[in-house]
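Q: Here it is, the structure in full.
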Amino acid sequence: MEIDKELTPKQIVEELNKYIVGQYEAKKAVAVALRNRWRRQKLPEDLRDEVIPKNILMIGPTGVGKTEIARRLANLVKAPFIKVEATKFTEVGYVGRDVESIIRELVDVSFKMVKAEKMEEVREKAKAIAEEKILDYLVPKKPKRYGTLIEEEEESPAREKFREMLKNGQLDDKVVEIDVEEKVSAVVGGVVVPGLEDIESQLKELFSNLGPSKRKKRRLTVKEALKIIENEEAEKLIDMDEVQTLAVKRAENLGIVFIDEIDKVAARGSSKSGPDVSREGVQRDLLPIVEGTVVSTKYGPVKTDHILFIAAGAFHLAKPSDLIPELQGRFPIRVELKALTKDDFVKILTEPKNALIKQYIALMSTEGVELEFTEDAIQEIAQIAEEVNERTENIGARRLHTILERIMEDYSFNAPDLKGQKIVIDSKLVREKLGNVITNEDLTRYIL
């Protein structure tokens, strides 16, 4: 569970640079916060508990990389990560979600991560057992007298032949009938009631623990059956109590909670009436879990003292100082993310590992179509994105998705008929596709 000591703050920023353009201050802040976790683990136990994480408040318009920075950071260190929106929560007693469900969901994520890792450790053993079970369905072992099974070394040549065929994938499409565990569902009438997700998961847990698990027969291909049996066997081989313990520890020490739209629950100005009272109620409910408390979960009690909280908001109408003082004090690190410029858009289109241009080229290549964006086309797209963001709502890099979809719409639709062809997107074509939309203010507002 220890954080990799090789990841220095500089290396963390370099890793984030592969996916996110600019925003150096924000990257630096999260890199230091992450490194401090590793430093804390090296301290003597009595001092370790005293060192609490420095939570971060990110301030900046939508689409500039706030969420992406936090998500990539969590992936980097295999930390449990959850993103929640502050507006989805209401103060206790009103319709809405209970803030403690944030921690319950975080531990769920942690549990799934640890379980997947442990199952991977026993994957080879589970695969061997699954293969034997599939062979039992295909070529049942011959019973000896008095019903005892023949020894392994005496198994029939047919079974040995089938084993080879199974390993080589020659039986993948053959259909077999197998017994599988029946999953219990506790959904009532398909109705989702806000705030009752936790009760539903607890009901599922309760029903699944009542008596032996039911099994039902299913007809599947050998490939599908192998996967299902392999997962069932892997679950039997791992110690679920150990998984739960590790999941709680990982959530407590490595968990990252990203609270988006925190500005929407800030009271605006000096007024404290109407909706502002409810907003303050949400902040006061968030305060205990950010300060450090113990939350009961189905995996056991979870201490929130060392969970890293990253809050974010555009703060167009409210200011960070409009948050209640106690909550402000729990987010000592403030970073402002800059609005994106034309140069940033050019980099976003081309530089990251998952750059949008690379994505479109890869998607079209699946249809046998070669796609190329010229340098002047990329400059033109970036220029248009900047202009539209200035004239209408500033939605940051998300504007590029809208513009590129508009440009690629016809090509994507006709791609199966364009196999073997090369499409070159230049600035002239970009202007043709977007010309009328850009010049007409009303169309821009609705289409881009």
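Note: Cβ is positioned from N, Cα and C throughout, glycine not excepted.
When I checked Swiss-Prot for this same protein, it listed these features:
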type	residues	note
BINDING	V21, G63, V64, G65, K66, T67, E68, D260, E326, R398	ATP binding site
Q: Please classify the secondary structure at V64 (ATP binding site) using three-state DSSP.
A: coil
Q: Around V64 (ATP binding site), which residues of its chain at least 6 apart sit with Cβ under 8 Å of its Cβ?
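A: When sequence neighbours closer than 6 are ignored, V64 (ATP binding site) has Q23, L337, K338, A339, L340, G396, A397 within Cβ distance under 8 Å.
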Q: Pairwise over V21, G63, V64, G65, K66, T67, E68, D260, E326, R398, annotated as binding ATP, what's the top Cα to Cα distance to the nearest Å?
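A: The span, Cα to Cα at its widest, is 34 Å.
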Q: Reduced to three states, what secondary structure does DSSP give V21 (ATP binding site)?
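A: DSSP call for V21 (ATP binding site): coil, neither helix nor strand.
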Q: Among all the protein chains here, how many other CB atoms are within 10 A of the CB of E326 (ATP binding site)?
A: 13
Q: Give me the non-local Cβ neighbours of E68 (ATP binding site): same chain, 6+ apart in sequence, Cβ-Cβ under 8 Å, ordered along the sequence.
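A: Long-range Cβ contacts: Y19, I20.
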Q: Looking only at DSSP and grouping its letters into three states, which state does E326 (ATP binding site) belong to?
A: helix
Q: Rank the binding-site residues V21, K66 by how many other Cβ atoms lie within 10 Å of each Cβ and give me the one with the fewest.
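A: Among the binding-site residues V21, K66, the lowest count of other Cβ atoms within 10 Å belongs to V21.
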